[in-house]
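The structure appears right after this line, and notes come after that.
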Amino acid sequence: MRRSEARPMMLHLAPVLIVILLVAPILGGLTMALLPAFGYLPALGGESLSLDPWRALFAQPGIWRSIAVSLASGLIATAVSLAVVLLYLAAVTGSRFDRWIRRLVSPLLSIPHAAAAFGLAFLIAPSGLIARLTSPGLTGWERPPDLLIVQDPWGLSLIAGLVIKEIPFLLLMSLAALPQLDAERRVAMARSLGYRPTLAWWKVVAPSLYPLIRLPVFAVVAFASSVVDVAMILGPTLPPTLAVSILSWFSDPDLDMRFMASAGAILQLGVTASALALWWGLERLVARLMGCWIARGGRERGENGLRLAGKSLILLASVTAFIGIAGLAINSVAGFWRFPDALPGSFTASHWARALPSLAGPIASTALIALVATLLAAVLALGALENEQRTGRHPSRALWLLYLPLIVPQIAFLFGLVVMMEQLGTRPTHALVIFGHLLFVLPYVFLSLSEAYRRFDPRWSHLALTLGASHNGAFCRVRLPMLLAPILTAMAVGLAVSIGQYLPTQLLGAGRVTTVTTEAVSLAAGGNRRVIGVWALVQACLPLAGFIIAIGLPRLLWSNRRAMQGAP
Amino acid sequence: MTATHRLELRDICIQLGDQVLLELEAEIGPGEVLTVMGPSGSGKSTLLAYLAGFLAPEFQARGQVLLDGQDIGALPAEKRGMGLLFQDPLLFPHLSVAGNLGFGLPRSVDDKAARVEQALENIGLAGFADRDPATLSGGQKARVALMRLLLSAPCAVLLDEPFSKLDTRLRHEMRQLVFGRLRDAGLPSLLVTHDREDAEDAGGRVIELAH
């Protein structure tokens, strides 16, 4: 056949490779957590199946509370982030203020979770910026109050930390899905029937938008119910969330604890699955309520409230995140800083000077891991997408596989993966960590690239072929340069995802591969604000470098090509 | 650059499932233009996609496409020697005008820069080599697109309503230019259009598709 002839073997392999890469480690990891969870791990003397690890697990003090906090923070953080995003989208009128908000939100996507969490902690802590600005005037506090605001037992600060990071993610996903819906005409139609604009959006756009962003929402539920780094910084401590407890058991020098940790990993899988099931039930409920609300046909009531909430909530969340980052910066250069003073009494570069020698190694490690993982992901994604174009087949059903590493809790399968690697005698190396990062980088790079790739006018490639270029020639000389901007953006997303990874680095690197993120998170327990400020700020700024290149390089290269300036 | 090529379409039948989209039998000699007319949805674009080698997998096609006596039906698009002119000029936005013209020049051509410069003069655009294609006028873009096609030395040309997006004044002028050049180059051409004036200016035989 003509078609298979024109398709090199390598391209044919790309989609298969992606599926194996994403599915095999997760299945292997889950199996290797499941066996020790029931007492079977010959290397550690577990020869027979038993329920002992589970008995030990449920005998842990506060285990039920850990489970409850994990479950609740997962569901509440997702519900709040989604509500804020939908409220904003409903209230958007295309005004300058709306565009300004959107421009404010998008860089937040690149900031690693840990840095945003530190920023929030610095803001709301008893001696944080908010307390300083309101004291002693409003609060009467002359000294930092003895309140457990950060790491509160209810997980409220954890939820807040998750919300400020998930809002930009869900907003981006929604903005990517919206063009398919022709929202403007739908709203115009509803308005002509007498509905106020914000109500119109809720009644005719939101119900069609939700199914399109369902998988990303599920990913947020799964992430929020099993996150480790944010929970270590903002989550409760006695007891911590389930995921954090599991990590501490796994790192315990007593190797027997591994059995219990494995049972915990399986429990976490169950907790996240329950969170997803509960969310699914919630979807049904909200759909029914929305149905009644739409059927009642109200056209006016609630309009102003909804619009106000839409603009103010997202603004509050984004400004909080930015002030938090500013707080990191201030702390990193603060000298002596008396309590109710809003600004430090003196500034010093000594924290930076002291941190610099120890920063170089982790920064180099972070960059190396991120670059290699992202390059591999980009090559695989481009290969699979190019193959899709040449065969004319669109494997839409395979899409949920991409979400697999984002929906199965990291902590549930990474353990098993570590155990498996130990069994195989693999030493922790950068290569292993890169492989771990690839699992999470690949889905994001692929999802971000696929949209631009599939939207690309096929006539360009047809034209190149009729002018005598080969398929590979058309790819290198036409598709690649014309899609340079979206490819670089996808790679910047990949870099940001890799830079922010905590658990894969920590577990697969066995603590011996240190990145900026593992260093910053490990400082959380110490509580030295100045040092944390330095490391968290570096962590927040690294991904920005990728985005600056992604935006700047095409502009530089195509400075003399007008049609490439606003390219897709 | 005059050559003599001949395009023969024998018992062409394109189907979508059980539905027959079109059936065609035709022979196009050197410098001749065959016009295929029909309303949208009559399978004109599918015919061009089939001849150029881009038929989407959901279609089935039977018949023989002979170019200079050789069956090209099994060849990949880039080896068929079929040039294409689209509704839009589709100048590659990342290349200069010269880059666009040079894109299709066969590798064997020695002095590419000189050929490109000569081609530019030929269409009245001398000195435009380094220009950004986005800064050209509609007529200039159309002329560059035509010249790019001719430089790639095709053996036959497919025209996909290439004049439909031009304004009325330019349309007539471009028709004269395109058909004139194709005739001079001795290329058999197949034009699909729904504009009767296109067919009249082309001057060749006209086949009407039903539906």
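Cβ coordinates are placed from backbone N, Cα and C, and glycine is handled just like the others.
Just so you know, TrEMBL annotations never went through curation; they're auto-generated.
Per TrEMBL, these features apply:
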DOMAIN    A:63-278  domain 'ABC transmembrane type-1'
DOMAIN    A:363-550  domain 'ABC transmembrane type-1'
TRANSMEM  A:12-43  transmembrane segment
TRANSMEM  A:63-90  transmembrane segment
TRANSMEM  A:111-134  transmembrane segment
TRANSMEM  A:154-178  transmembrane segment
TRANSMEM  A:259-280  transmembrane segment
TRANSMEM  A:313-339  transmembrane segment
TRANSMEM  A:359-385  transmembrane segment
TRANSMEM  A:397-419  transmembrane segment
TRANSMEM  A:431-449  transmembrane segment
TRANSMEM  A:483-503  transmembrane segment
TRANSMEM  A:532-553  transmembrane segment
Contact ranking winner - A:12-43, A:359-385, A:397-419 against the transmembrane segment (A:431-449), Cβ under 8 Å: A:359-385
When counting Cβ pairs under 8 Å to the transmembrane segment (A:12-43), the leader among A:111-134, A:313-339, A:397-419: A:397-419
Range from A:63-90, A:111-134, A:259-280 with most C-beta pairs under 8 A to the transmembrane segment (A:154-178): A:63-90
Intrachain residues whose Cβ lies under 8 Å of the transmembrane segment (A:313-339), provided they are six or more past its termini: 83-85, 87-88, 101, 104-105, 108, 111, 115-116, 118-123, 127-129, 132, 135, 141-144, 160, 163-165, 167, 171, 345-349, 351-352, 529-530, 532-534, 536-537, 540
Contact between the transmembrane segment (A:111-134) and the transmembrane segment (A:397-419) (3 or more Cβ pairs under 8 Å, separation 6+): no
Stretch with greatest number of CB pairs under 8 Å, the transmembrane segment (A:397-419) reference, A:259-280, A:359-385, A:532-553 candidates: A:259-280
In contact by Cβ distance (the transmembrane segment (A:532-553), the transmembrane segment (A:359-385); 3 or more pairs under 8 Å): yes
Whether the transmembrane segment (A:259-280) meets the transmembrane segment (A:63-90): three or more C-beta pairs under 8 angstroms: yes
